Structures are given as C-alpha cells and as structure tokens.
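Going by TrEMBL, these are the annotated features:
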DISULFID  360-369  disulfide bond
DISULFID  376-386  disulfide bond
DISULFID  397-406  disulfide bond
DISULFID  435-444  disulfide bond
DISULFID  474-483  disulfide bond
DISULFID  528-538  disulfide bond
DISULFID  549-558  disulfide bond
DISULFID  587-596  disulfide bond
DISULFID  625-634  disulfide bond
DISULFID  663-672  disulfide bond
DISULFID  718-728  disulfide bond
DISULFID  739-748  disulfide bond
DOMAIN    1-141  domain 'Laminin G'
DOMAIN    153-330  domain 'Laminin G'
DOMAIN    332-370  domain 'EGF-like'
DOMAIN    372-407  domain 'EGF-like'
DOMAIN    409-445  domain 'EGF-like'
DOMAIN    486-522  domain 'EGF-like'
DOMAIN    524-559  domain 'EGF-like'
DOMAIN    561-597  domain 'EGF-like'
DOMAIN    598-635  domain 'EGF-like'
DOMAIN    637-673  domain 'EGF-like'
DOMAIN    675-712  domain 'EGF-like'
DOMAIN    714-749  domain 'EGF-like'
C-alpha cells in the first residue's frame, strides 16, 4: 500500500511494498493554513517522493526491491474504517476539500459524473458517505467552546519545565483508569521527558542516546524498560503506559515485569507530575510534547492552569504550579532559507524538522554538497594526468599518448609528413623527418639550391640572401632553418586540473577549468578574497566558499542575526533582549551571570523581612536592617528601653524601631522631660497670681477682691468693711463708700477740709484762696485729709499766704 495522511498539521506518507515492513516520512511543512496546496506523490521503483506546491517535501525508500507496478485492489479517500492500522497512524477522518484527484493522470470522480461526459476515469466508485460537493465550512461559531476537546503541543528546550500537583483526591479509582500517555517529537539524544512520583513510587521517562527509556520504581523495586531504541527521528511518536504494558506507536509492546498499579498515582494527594527539566542535573529534552494524559483525563494544558486535565466530575485534577520557558505550538529551527540556501552547487535543501539535509546533485558530496567527488580515485590514466570533473573525469595524456586512459601511443608518422623521399621517425610528441640528399626543412620540403627568390622562409619570416645560401629570420613563436616549426610551450602540459593550454610567442596561457585559478590552474579559486562572510570565517571550497559563522549569526554569509531569546537563554525569570550577534539578560534581584544562572546569597532571603539584602559578590552580602533590628541577618530586635530614656518616673514601652514613654500626670514630651505648665491659659481668674505645681497650680487671690481655688468668687467687702459716714456699695473685686456731705476717703471717715465745720468754721489753711482737691492719704497708719489752694489774684504760696510783687517799667 501507499498512504498519505495529515498528522499534527504535516503530511505523512507511508508505504509497504513487497514486505511486511512499513516505511514512512513526514514533511516539515505544515499545511493546515487554510490555503489551497498542490500535492503530488511520485513513486519510482522503491523510492517515494512527495511534492507540495511543486517543491520537494519528503523523500524515502522502501527497503525492498519492488520494480513492478503496484496493482491496487482499492482506493480509499477519507474513511479509514475499512483499513488496518498499518496504513494510517490516526483513526480520524480527513476533513477538508479535495479537488482534481488523479492517479497516473487519470481523474478520480469524487462526485457523480454529469450525464454525457465521457472522461476516462480511475476505478469505479462503489461507496460514498458524507461527501459534500463544493467547498463547505462548518459553522465553528455555533459552539461556545469549539476547541474544548482539542490539545495544543508545546516546544521544550533544555531549561523548560512544567510542574503539576494532583488536587481533589476524593475517590478510589479502578485500574482501568490508570493510564499515562503522551505524544513526542524530538531529535535530541538525551534529556528528561516527564516524571510522576508519589511516596517514593515513580515513573521517569527520558531519552538516553536517542532511545526512549522508562525507569519505574514501585514498592522499592526498580525496573528499567527500553521502550524504543530510536525515537529522535523528528517524527511524532505515541507512548502509553498502563498497569502491565508499554505501547509505542500502537504497535510496539513491552511487558512490565511487575504490576504497576497506575491508579496509585491518582489516589495520593502528594502526587507530583514534572514535565521537562526535573532539576539542575536532569535538563529537559529538546523537542515537542502533546496530548499528555494521566488516566482518562483530558489532555493537560501547558499554558492555562484552569484547563489542566481533570476527570471524575472535576473532583480530581492536575493543577499547574510552575511553568518555565515553554513555547506554545511545536516549533523547529528554520534550516532552509528559500532565498539564502546553505546548500552548495545546486543542491536541494530539505528541512527535516531540526535537521537539514542537502540533496546533492550527482558528483557532489559533503554536508552542504560543497565537495566535488574525486572521480579520479577510482580511475587511473596510464600515461597522463587524471582531471576530475563533475561526476566524470578525463585524462590529459603525456606527449605521444592518446586514448580515454592515455594507454595508446601516438604514431606521428602515420601518415608520414615527410616529403621528397624523407624518412619519418615518431619521437615523443612529434614526427622527425630524415631528409634525402639535396633536401632540408622540417618536412624535407625545400631544395638545398633554393635562394630567397624561391621564398623558402615560412610563417612570415624574412629571407636574408647570403653569398652561397640564405638565412631565415623568424617571427616570434617559430623556429627552424626555414621557420617552419611552431614553438610549442604547451608540450609539457604545464596547465593543471584540466586547464587548457595555449602556446604564445613568449610562453603559454592556461584557461582554467571551473573552480580553479592561478597561472597553471593549480589553486582553488579564492572566493574568500572578497571577505563575503559578514560575521564568520571564510573557508574555500571547490568553486565557492563556506562561511563558518561566529556565535549569534547564521545564513550562508553569516549576515542574519540569530534571535537567541527564542531559546530562552536567560534563567531564573530574567528578561531576555536580543542584540546583534548576542543577547542580554536583565536579571531579577540577587541573580548574577550572563544568563542570570548564578543565584546570589541574597536569593535565600537571609535578611528575612527585617532588612534589605545587598548583594556584594555571588557568595557575599550584607543586610541593611530596618529600623528596630540589628545583627548580621537582622535577627535581633533592638531594645530602645535599655538606656532608660524615660524621665520623671515615666514607664518605657518597647516598640519595633523605637520606644514610647508613658508619662505620669504632670509631665509630657517624648521622654516625659517637660513639666506641664498648668498656669498656661486663664488658670487663675480676676488677676489672681498663678504658681505652677506638678500636675496642678495655686492661685494667690490677695488684693484682687476675689477668692476661691482659681479666684473665681467675688468677696463682699461690705460684709467686713464699715463706711463710717456713708453707705457701702459692693463692686466686683472691690467696694465703694457713698460718703455723706462733709466727709471724704475710702471709708468716709475723714472730714472734708474744704467745707466748714458745723460751726461754719474753716478747716483748711488757704489764707487768700479757695480750698480745692481734698484727698485722704495714709500717714503712719492714720487717714489724714489733704487739700490744695487756688490762690486769689495777687497771692501765691502753698497756702496763698504770700503777696505777689508787681514789677513796673521805668519811663525815660
């Protein structure tokens, strides 16, 4: 059979011809891009080639001779129910549009042929099911979750890792639910694929020298199983583990020595699944994983934790706890550039998913078809030099020899060039004539009696008449008495490597064969002189050059910058920035190194949450402690109360980063050093004098007319003071005596000196004036009346007792 299918978006061709063995190949090109593609499968004997859009996509041989035509019993398009598992790797039907299907040029009718159309067809359609004429698309928007049961592959590199933990373990599962399966695609020879473990029991799957190896530890017993000897072929492979068997690509079966009880891993709450890199000593494989399932769960999601595999009505599920350096989709390095092919000498570049193959034209070899196969190694030239060509050789014979292998002598005397009876002898590369008497010349063509009148000199030579003879003066490139012999500078075959020699007047010139240069074509043409490699070292090859690129550059001329960030070179969550020919990593705090691969001592958080860690070197750090903490790791809390900062009997309370003084009454301030001034404000009323005390004050109310703790109560002086000759009137803080006529003073106890007494006698001392301004003063404890005198005209003095003198002006 010969089959063609789509597997993981790529074409896969399979064939079995005259043998039970099945051979296959998968194209690197993906065709699920909603674009019309022209597919062509060509079989020549046991070789099968598939073209996509007229470009070769894959090629493989069936390792069994099968020269006659394939006599097919049936042609099946789409439905594979009628076929066994050998022809296809999947049970899914093709879904899409097929147009103009032909077998050996004869059309295959996929729908009924209109009446009257007479077209030679391939075969007779015997069954048809669910074939729709025309291009019809599903209404993918009618479903809420059109991709609900789909799966997405992920690309892993050596630093990639995805970690899951089993959550919601509530039920005991039957062993029929305990399967572990995944699909793998890689070209790695080593690397960790996955590990599931719980309580010392584990399944570890890894690559070892290109083989798929499983190590199963169950109940302290270890079993190592070689699942498949070579899986790093760039093809998708399906692997399934169950209780007693391991299945590889649904056909290779390996027995497990002991019952594994896979359901054990689905009933333990501490079950952990690690996909990819397990630890520093177990890096991940490089390649793709898809459709990872544990039990009958849906495929694990690599990128959406909420959509991780779950079953048992969602009570049992794997939740992702860590994802590092995964890329969605299955990606490979682009190794063939349509505009800058690395393959030389017309070779076809085949991108075989992370593997490049240059399909050389006949006559070339090498990884890049840069070597011209030396066809002279298997062939020898008997009397000559072997000149290597392209898928051919030729012999450059020594003088005197001819033939494909220079194995036959040349007879230069057949036919004889000698004239006038001369005899011919074949020597080396020419014929030599021995002339008869009376003749001379290279061919005995001239009589010895000839003169210049007979024009004996040949090839443009000048004839010089002598006394009894003549002489020929030859032009360049000729010699001999008659200048009749051409000088052959090529007689010794000076041109190497198939160069064509042309003899000139003063030497020879070589026209070099393809790929060679130099005066005698002994050097490979130096294409490196022009420095074609932008960022690499140029190496000369036959008829061209190869650039060996510096790290960070690619392309046939090392002019294309490699985006190293696609390979996640930065570790520990660092951000990668691509630069010309390199990359840079922006490291998170406490990580060092060009890839942030070195964890500084601060990464273990030695300062805790009580200080800031300052990284000095990879192994040294210092802690800048937050206020309130001290010590190398800020592990000690500072006791700010130990120095007794609180004064005046206050109590010190320890705080983180400080202290607090709880003051006794009457004191304030941070350290209770300030005595509170209780007199501040209107402490004593009505002019009372305040004296500050501790947590209080005293008021001196004397002389204010008020009393009380704060001098707030008015004293009724009329209750204790007697107005002798008047009526007492109490006032706020004082009193007033309303005196009877004839009395003055605060207590109306002194007679008014300005008024006469009861006998109408004058009491004052003013002799010649009126008594004015009577007042009472206290002299030696006694109230005494005082007054002033307003003198009459002509009098003065205290009591107006003096006559005032009048001055008169003297008249002349």
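Cβ atoms here come from the backbone N, Cα and C positions, even for glycine.
Projection of TrEMBL feature records onto the structure.
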residue	record	CB count, 10 Å
406	disulfide bond	21
435	disulfide bond	20
549	disulfide bond	20
558	disulfide bond	21
587	disulfide bond	21
596	disulfide bond	21
625	disulfide bond	21
634	disulfide bond	21
739	disulfide bond	20
748	disulfide bond	21
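Per Cα geometry, 596 is the residue among the disulfide-bonded residues 369, 376, 435, 596 nearest to residue 663 (disulfide bond). Across the disulfide-bonded residues listed here (483, 528, 718), the residue whose Cβ sits among the most other Cβ atoms within 10 Å is 483. Counting every protein chain shown, 22 other Cβ atoms lie within 10 Å of the Cβ of residue 397 (disulfide bond). Counting Cβ pairs under 8 Å to the domain 'EGF-like' (486-522), the top-ranked stretch among 1-141, 409-445, 561-597 is 409-445. The DSSP secondary structure for residue 718 (disulfide bond) is helix.
Around residue 474 (disulfide bond), taking its Cβ as the centre, 20 other Cβ atoms fall within 10 Å, counting all chains. With a cut-off of 8 Å between CB atoms and residues at least 6 apart in sequence, the same chain places 527, 528, 531, 532, 545, 546, 547, 548 near residue 538 (disulfide bond), listed in sequence order.
Counting residues 6+ beyond its ends, the domain 'EGF-like' (598-635) has Cβ neighbours under 8 Å at 572, 589-592, 655-658 in the same chain. Remark: the domain 'EGF-like' (524-559) makes no contact with the domain 'Laminin G' (1-141), by the rule of 3 or more CB pairs under 8 A.
Pairs of Cβ atoms less than 8 Å apart link the domain 'EGF-like' (332-370) most often to 1-141, out of 1-141, 409-445, 561-597, 714-749.
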